[in-house]
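**Student:** Found this in Swiss-Prot, in case it helps:
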| type | residues | note |
| --- | --- | --- |
| BINDING | Cys24, Cys27, Cys40, Cys43 | Zn(2+) binding site |
Amino acid sequence: MAKTALKVKAARKPKFAVRGYTRCQRCGRPKAVYRKFGLCRICLREMAHRGELPGVTKSSW
């Protein structure tokens, strides 16, 4: 319940612009969120490994 409430709270427009922050759309994690995907690093990695993100490939050099 607490995580659901925090997701709703983060979705609201803050009174002051600097108070806004991103949350992972999948798990609700507040830190390490990639804005382009709207996912945290953990969810992004899992989904990329499963091939659920088109155009995202594992890089090697």
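Count begins at 1; order follows the chain as displayed.
Backbone N, Cα and C atoms are what each Cβ position is placed from, and that goes for glycine too.
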**Student:** Same-chain residues six or more away whose CB lies under 8 A from the CB of Cys27 (Zn(2+) binding site)?
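**Tutor:** Long-range Cβ contacts: Cys40, Ile42, Cys43.
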**Student:** Taking the Cβ of Cys24 (Zn(2+) binding site) as centre, how many other Cβ atoms lie within 10 Å?
**Tutor:** 21
**Student:** Let me know the DSSP-derived helix, strand or coil state of Cys40 (Zn(2+) binding site), please.
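**Tutor:** The residue in question, Cys40 (Zn(2+) binding site), is strand (DSSP, three-state).
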**Student:** May I ask you to report the DSSP-based helix, strand or coil state of Cys24 (Zn(2+) binding site)?
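**Tutor:** The residue in question, Cys24 (Zn(2+) binding site), is coil (DSSP, three-state).
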**Student:** What is the number of other Cβ atoms found within 10 Å of the Cβ of Cys40 (Zn(2+) binding site)?
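**Tutor:** Its Cβ shell of radius 10 Å holds 22 other Cβ atoms.
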**Student:** What other residues of this chain sit with their CB within 8 A of the center of the CB atoms of Cys24, Cys27, Cys40, Cys43, the recorded Zn(2+) site?
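**Tutor:** Result: Gln25, Arg26, Gly28, Arg29, Val33, Leu39, Arg41, Ile42, Leu44.
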**Student:** Enter the number of other CB atoms within 10 angstroms of the CB of Cys43 (Zn(2+) binding site).
**Tutor:** 20
